[in-house]
Amino acid sequence: MEEQTILRKFEHIKHCLTKNVEAHVTNGFEDVHLIHKSLPEIDKDEIDLSVKFLGRKFDYPIMITGMTGGTRKGEIAWRINRTLAQAAQELNIPLGLGSQRAMIEKPETWESYYVRDVAPDVFLVGNLGAPQFGRNAKKRYSVDEVLYAIEKIEADAIAIHMNPLQESIQPEGDTTFSGVLEALAEITSTIDYPVIAKETGAGVSKEVAVELEAVGVDAIDISGLGGTSWSAVEYYRTKDGEKRNLALKFWDWGIKTAISLAEVRWATNLPIIASGGMRDGITMAKALAMGASMVGIALPVLRPAAKGDVEGVIRIIKGYAEEIRNVMFLVGARNIKELRKVPLVITGFVREWLLQRIDLNSYLRARFKM
């Protein structure tokens, strides 16, 4: 099982780097419209992109979300995480790591997650999977594993990733999700670190968001449909014909990022990381205007990170930041707080969905609360 976990990490990285693993559908932000302001009444140079999130101040509202880990020192996951960490250190943005299950099963892989020597100041988020906390898990994790995952790598927070879609498709998937909320309640009430509930490409509904808020999580990474599809990744991994067919059918399963963001913002008071198909700064600005505290990216920086290209990662993120800044100038927003107050027009499929699921006018007011 332990060697299988490490092999799976290699395969996930390989397919994300070499195959088209993105959803065939959009993340929904084409239906979200910001209103151009011909007289912004601000100077572009005065725009401030800094944000506060989970008690820390960051220079940009962009987080590198968890991707990988679990290979040995000197191997690809080690190189990816160290490259991303150096970029995050330079930019003063938070960094998430990939699942640390491999580290728990094979402790010698811990160095592929350890980046403090190159990123002493980065807000670092560890990562464990929800099914390992299910009451029927083969080796059920407890608070002890959570603290080990955080403290061994000197992280500042922990993400518990919710990936039922991926697990249901994966040949060796764990679908033991009963009892996870109970486990989350114990974790949040016991540890002194922020806990982020993180989806993995299929989005979070308002109902699940309310449950997560009730058990005390500190933030939600909605990771909606429209970016990397983990059903697609598993499609390329499996050799089993039935599993491949299942993966193909569920390639585009989930809640679009824009929809998930609106639902979670309307239903809870939690900080939100909006990830899932964030491929340009205009989309990111829309997400921030819709009430996200941060936006999250992963796949766009994976390729330069795999090459050890720190400057390449920095260049991509600074490009996104400049695009966000330009949007803010064109809508007359001096800072992210003001961006959340600019007019929004929501049309098309996203509007139709939200009219059935939430009070749209109430939501448009609720986005001011963070």
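The backbone N, Cα and C atoms fix where each Cβ goes, and this holds for glycine too.
Here the structure is a predicted model, which means the values were calculated and not measured.
The substrate binding site annotation in Swiss-Prot covers R8, K9, S99, Q100, R101, Q166, and the record cites sequence analysis as its basis. Around Q100 (substrate binding site), the C-beta neighbours below 8 angstroms that are at least 6 residues distant in the chain are G69, G70, Y113, G126, N127, L128, A149, I153.
Look at Swiss-Prot and you will find T65, G66, M67, T68, S99, N127, K198, S223, T228, G277, M278, R279, A298, L299 tagged as FMN binding site. Contacts of K198 (FMN binding site) defined by a Cβ separation under 8 A and a same-chain sequence distance of 6+ are given as T65, G66, G96, N127, A159, I160, H161, M162, I220, D221, S223, I273, in order along the sequence.
A helical conformation is recorded for E167 (Mg(2+) binding site) in the three-state DSSP classification. Applying an 8 A CB threshold to same-chain residues 6+ apart, the list for E167 (Mg(2+) binding site) reads P131, G173, D174, T175. Positions annotated as Mg(2+) binding site by Swiss-Prot: E167.
Taking the Cα of Q166 (substrate binding site) as the reference point, the closest of the binding-site residues M67, T228, M278, A298 is T228. Here the C-alpha separation of M67 (FMN binding site) and S99 (substrate binding site) works out to 8 Å. Cβ-based crowding with a 10 Å cutoff singles out T65 as the top-ranked of the binding-site residues T65, S99, Q166, T228. Distance noted between the C-alpha atoms of M278 (FMN binding site) and S99 (substrate binding site) is 21 Å.
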